[in-house]
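Annotation source TrEMBL lists Na(+) binding site at GLY20, ALA22, VAL23, ASN27, SER220, ASN252, LEU318, ASP321, SER322. According to TrEMBL, the feature disulfide bond maps to CYS126-CYS135. Residues annotated as transmembrane segment in TrEMBL: 12-31, 43-65, 86-114, 181-201, 213-234, 246-270, 282-299, 305-327, 348-366, 378-402, 423-443, 463-482.
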Amino acid sequence: DAPNRERWSHKFEFLLSVIGFAVDLGNVWRFPYICFRNGGGAFLIPYFLMIVFGGIPLFYLELVLGQYHRSGCISIWKKICPIFKGVGYAICLMAIYVSSYYNTVIGWAVYYLYSSFAYELPWSSCNHTWADHRCLDKIAAASHNQTWSNDTQSPAQQFFDRHVLEVYKSSGLGDLGPPRWQIVVCLFVVYFILYFCLWKGVRSSGKVCDQHLNMSVFFSLGPGFGTLIALASYNRFDNNCYRDAFITSVVNCLTSFMAGFVVFSVLGYMAHLHHKTDIEEVTTPGVGLLFVVYGQALTTFNGSVFFSIIFFLMIITLGLDSSFGGLEAVITGFSDEFPETIGKHREKFVLGLLSVSFLLALATTTEGGVYLMTLLEVYATGPAIMTVVLLESISVTWFYGIDRLCEDIKAMLGFGPGLYWRVCWKYISPLFVSFMIVMSFIFTSNLEYGSYVFPNWSTALGWTITLSSISIVPAYALYRYFVEAGT
């Protein structure tokens, strides 16, 4: 135990922080969209299988490890299996990758929030300089007896593409263009908030927290990012993390289902409004679902300005909660590993970390930044996170030992895990993750964003990003082997 380690001032701060990390923007758009694209109700069968036998067991495992060993994602490996310490460094690098594009999405939401403070929502009509000849709003269609076609676009779509992103000025991934200063300012606001919520530790962040089918759904709970280990490490030794894992899992799933009901209702309404027979014709893939479909739906409400402000405040809050968690994993990891140089100068380290992340994120604020963001979303996390989770599961249950793990849990909670947990941790969950890793390699194909197809070299770039984090694990193992051999 670490007697001088900072602790949560109240157990509900930890629970709310974990829920805030697990319930993120992906619950609002990723789960409903993937559910729609993969059979609707039939999709729930594999979803529940992956959650029950993969997501929840590994979620609980990370809470147990963090709470018992009271260490971050790097130093914890000294107590579990030192040769796997590279896993902790890999997690930190992936967290920096994620922050470089995830915070830009929050920056978009900040810009939408700013734009909502107007007499009329700017994306409610085509009467703007950013609109081109393809823009067609409901009033224009009615007055000119025109109908929606595949060539026409809604004002919400054009506001997002032509005003917020200005993606039409970029020819692709190889032509990113200059940063959009409006988005850079919004991004700076996001990082400003992050700094003052992270620099003092969990006591400050706690106050704030009131082929990719398998990857997206499986990681809706967030194992493998190091955040659960970091947050749980500030718990009391006897905290009931079993209860916390159950509550968080239920809240996460219910949030996804509720978002699904809302999304399908909105899409059905928009299809009716645009005289479409298939809701797929009004579906915007990826994060665009938040800003285009919801944005367009908001314009049809009475009091649309008020509801738009509330909606984008919610999006910003959801995004910040998860961003806190991801960056806290890095901060806690390095603070525990280097207590004298970093741990005692947390404020300076947080400032340096956020500065690096901000500079990297500038690339995603460019005119072609959405292409880079799409690439990072797929390759910076998917296969890399699954590899980390697999190594984590194997090292804990096979090297550290499942019996030893069960004794640790009994020492904390007063009771050991049942057969379900032991079998999942040692056999079923590793098999699930291994299967998904293999499938991610087999079904690799060029990415697409709208009508743009990514060039062949983007696949090589993507796997280079993936390997840049995964390769840290064997590199550190070799380093430790030769250091041990030399001593």
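A Cβ is built for glycine as well, from the same backbone N, Cα and C atoms used for every other residue.
Automated prediction, rather than curation, is the source of TrEMBL annotations.
The Cβ of CYS135 (disulfide bond) lies under 8 Å from the Cβ of CYS126, THR152, GLN153, SER154, PRO155, GLN158, each on the same chain and at least six residues away in sequence. Across the candidate stretches 43-65, 181-201, 348-366, 378-402, 463-482, the maximum count of CB pairs under 8 A to the transmembrane segment (246-270) is reached by 43-65.
Listed binding-site residues: VAL23, LEU318. The one with the lowest count of other Cβ atoms within 10 Å of its Cβ is LEU318. Within the chain carrying the transmembrane segment (43-65), a Cβ under 8 angstroms from the stretch's Cβ atoms is held by residues 18, 22, 34-35, 76, 80, 213-214, 217-224, 228-229, 232, 241-242, 244-245, 248-249, 253, 389, 392-393, 396, 405, 408-409, 412, 421, 424-425, 428-429, 432-433, all 6 or more beyond its ends. Between the transmembrane segment (463-482) and the transmembrane segment (305-327), the number of CB pairs under 8 angstroms, six or more residues apart, is fewer than three, so the stretches are not in contact. The stretch from 12-31, 181-201, 348-366, 378-402, 423-443 that makes the most Cβ contacts under 8 Å with the transmembrane segment (305-327) is 12-31. Only residues 6 or more beyond the boundaries of the transmembrane segment (423-443), in the same chain, are considered here, and those with a CB under 8 A from a CB of the stretch are 50, 53-54, 57-58, 61, 211, 214-215, 218, 382-383, 386-387, 389-390, 393-394, 396-398, 402, 405.
Remote same-chain residues near the transmembrane segment (181-201) are listed as 6, 103-104, 106-108, 110-111, 114, 164, 208, 320, 323-324, 327-328, 331, 346-347, 350-351, 354, 357-358, 361-362, 365 (criterion: CB distance under 8 Å, separation of at least six residues from the stretch ends). Sequence-distant contacts of the transmembrane segment (348-366), counting only residues of its own chain at least 6 positions beyond either end whose CB sits under 8 Å from a CB of the stretch, comprise 96, 99-101, 103-104, 107, 170, 176-180, 183-184, 187-188, 191, 194-195, 198-199, 327, 330-331, 334-335, 342, 372-373, 376. Note: SER322 (Na(+) binding site) has non-local neighbours GLY20, PHE21, ASP24, LEU25, TYR102, i.e. same-chain residues 6+ apart with C-beta under 8 A of its own C-beta.
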